[in-house]
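Report on the structure given below.
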Amino acid sequence: MEYFELMFKTAKELEESIVAILEDVDSIGIAIEDNFFDESILWDYIDKSFSERNYILIKAYFDRNVDIDRIIDKIRTKIKEIFGEAKVEIEYRIIREEDWTNKWKKYAKPIYLDRIVVLPSWEEIGNVEDRILIRIDPGMAFGTGNHPTTIMCIEMLQKYLKEGMDVLDVGTGSGILSIVAKKLGGDKVKGVDIDEKAIEVAKKNAEGNHVEVEFQKNDLIDGINEKYDIVVANLIAEIILKLNANVKRVLKTDGIYIVSGIVQEKLDMILNSLRESGFKLLEVKEKEDWYTVVAQNED
């Protein structure tokens, strides 16, 4: 199968908003590379500043049968509306699915945390001692464990999840957080994502890790009536803001709410939203300019 791969060179601080735009135009997969350099990409415009550390490469994937020129025009219009004349270079090419998969193998590395080791499915490893080993193949879904937001969510699950708790993972992507929750002793664990491809990948990853997790194609928490001890959502600020207004409906009393994918410019907005929704703020964690917030439902 073939896909369009769109590549965006942009300032690191624009990452969250660019990802939101890409999700809005129905991208089926997004990858983010820091300190990038790819000789196989021939850009129309090369600027020396793009090699500096504050620039990133965002890649988005679309089905081969879409009108890619129309999508690019829509993306450029949205970027101009939000950022004006901000520097964002866009190129695209056609790739095969196996090429996309092999690129993950180049950038995905083992992650060693307090109680957990996250390992790309194709990697071999020696003795992990008493750590929990989780193997992840992202396929066409977001989430290998390498991104700071994913790492922080895993750390917060390690801290707050007690054996027998029920966990809801909103925007599950590759299923990594759902699998972590189950491995840490979660009882009923459910992962939801609006992307059908992500659900397929998450199910395969759960099978590969020999855990039972329910994965469901869903728009955030629409139609979910069960209550959970923990809700974790590694999304972007604008979507978290929407989720904040209704998430108590699926949280038990004293339930823990973990949100990540927040840049500094949007942090106060999220904190104020949580306070207005009646949450008790427990902690704010930062890693590489990304923020994770943990709150508690006192209702």
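A Cβ is built for glycine as well, from the same backbone N, Cα and C atoms used for every other residue.
Listed by Swiss-Prot as binding S-adenosyl-L-methionine are Thr150, Asp193, Asn234; the candidate from Gly126, Gly171, Gly278 that the record includes in that site is Gly171. Under the three-state DSSP scheme, Asp193 (S-adenosyl-L-methionine binding site) falls in the strand class.
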